[in-house]
Amino acid sequence: MEESNQSVVSEFVFRGLCDSKDLQKFLFLPFSALYLMTVLGNLFIAFLIITDSHLHSPMYFLLANLSFVDFCLSSVTTPKLITDFLKDNKTISFGGCMSQILFIHFLAGDEMVLLVTMAYDRCVAICKPLHYSRIMDRQKCIWLALISWIIGFVHAISQLAMILDLSFCGPRIVDSFFCDIPEVIKLACMDTHTLRILINADSGVLAVTCFILLLISYTYILVTIHLHSKDGASKALSTCTSHITVVVLFFGPCIFIYFWPLSITWVDKVLSVFYTVITPLLNPAIYTLRNKEIKNAVKRLISHLD
């Protein structure tokens, strides 16, 4: 009878962010506050865009999608991280670990494609303003958002399928605070060199493709504004700063973790915190801090409440 290639590990143990119990207890309140602000900030923006008719445009429809994705992405790992600060035994079931992998890559893949869609929207608005309403109609916006979710899901399933094919029969300590693929595959009881290449290639195709499309889009926008605007580069920079900032904050840590040849544990953990905790918090602030329409919508909401 052949031995089936199934896991005999029923749960994994997280090492967490650090080994110091006192530091972990200290971090409990700051991370709880960060997560609360992330949830309230992103859900508030999504609620504001849905309820305010002045914000029913393609750009804000896509922004509402981004806020919802950021809320979900943060919720996959941060609540577990926060509760583990108060635990000595930071365990997660095998099924829970696989679920984290699935949803992290689903939502991260979705966000990558969504950022490209938002860049395309700005490209059409700035470079072809007279045709904007025809090109970015309601139906097309819905399809673009739906495609981003589909691509994210396909990417996640492909990653999970490769992980489920592994055999976990001994080591179960994950040197992270969530089930990150590079850390999980280290625990497999088999040679994973080829699998690492396949997983990185899978993630790389999506990440690099999206990043190149973003570079092309924003370069085209900057060149167009520079050629047709008296303000030139300063106005171009002002127009695209928020979008470019979000792109750098999101893609930077992901590319470093997955494609940097040397793995430094504490650096990987800091970058993981950045794109799972900090970036979802910063995105709504970056996109709305200097946005007059969002500020006016908040004022209208307050006046209605009064």
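Cβ atoms are placed via backbone N, Cα and C, with glycine included.
What TrEMBL lists as transmembrane segment is 27-50 (among others). Beyond the transmembrane segment (27-50), the same-chain residues lying 6 or more positions past its ends with a Cβ under 8 Å from any Cβ of the stretch are 17, 56, 60-61, 63-64, 67-68, 70-71, 74-75, 78-79, 81-82, 85-86, 277-278, 280-281, 283-285, 287-288, 294, 297-298, 301.
What TrEMBL lists as domain 'G-protein coupled receptors family 1 profile' is 41-287. Mean pLDDT, taken over the domain 'G-protein coupled receptors family 1 profile' (41-287), works out to 86 on the 0 to 100 scale.
Within its own chain, the transmembrane segment (62-82) has Cβ neighbours under 8 Å at 16-17, 28, 31-32, 34-35, 38-39, 41-43, 45-46, 49-50, 92, 100, 103-104, 107-108, 110-111, 114-115, 117-118, 121, 141, 144-145, 148, 177-178, 276-277, 279-281, 283-284, 287, counting only residues six or more beyond its boundaries. Residues or ranges marked as transmembrane segment in TrEMBL: 62-82 (among others).
Look at TrEMBL and you will find 102-120 (among others) tagged as transmembrane segment. Within its own chain, the transmembrane segment (102-120) is flanked in space by residues 59, 62-63, 65-66, 69-70, 72-73, 76-77, 144-145, 147-149, 151-157, 159-160, 178-181, 203, 206-207, 210, 213-214, 217-218, 221, 243, 246-247, 250-251, 254, 275-276, which lie at least six positions past its ends and keep a Cβ under 8 Å from the stretch.
Taken from TrEMBL, the feature transmembrane segment covers 141-164 (among others). A Cβ distance under 8 Å defines the sequence-distant neighbours of the transmembrane segment (141-164), meaning residues of its chain 6+ beyond its ends; these are 58, 61-62, 65, 98, 101-114, 117, 120, 181, 184-185, 195, 198-199, 202-203, 206.
Summarising the annotation, TrEMBL assigns transmembrane segment to 205-225 (among others).
Taken from TrEMBL, the feature transmembrane segment covers 237-260 (among others).
Here the transmembrane segment (272-290) has Cβ contacts under 8 Å with residues 17, 31, 34-35, 37-38, 41-42, 44-45, 63, 66-67, 70-71, 73-74, 76-78, 81, 104, 108, 176-178, 180, 242, 245-246, 249-250, 253-254, 257 of the same chain, all six or more residues outside its ends. Residues annotated as transmembrane segment in TrEMBL: 272-290 (among others).
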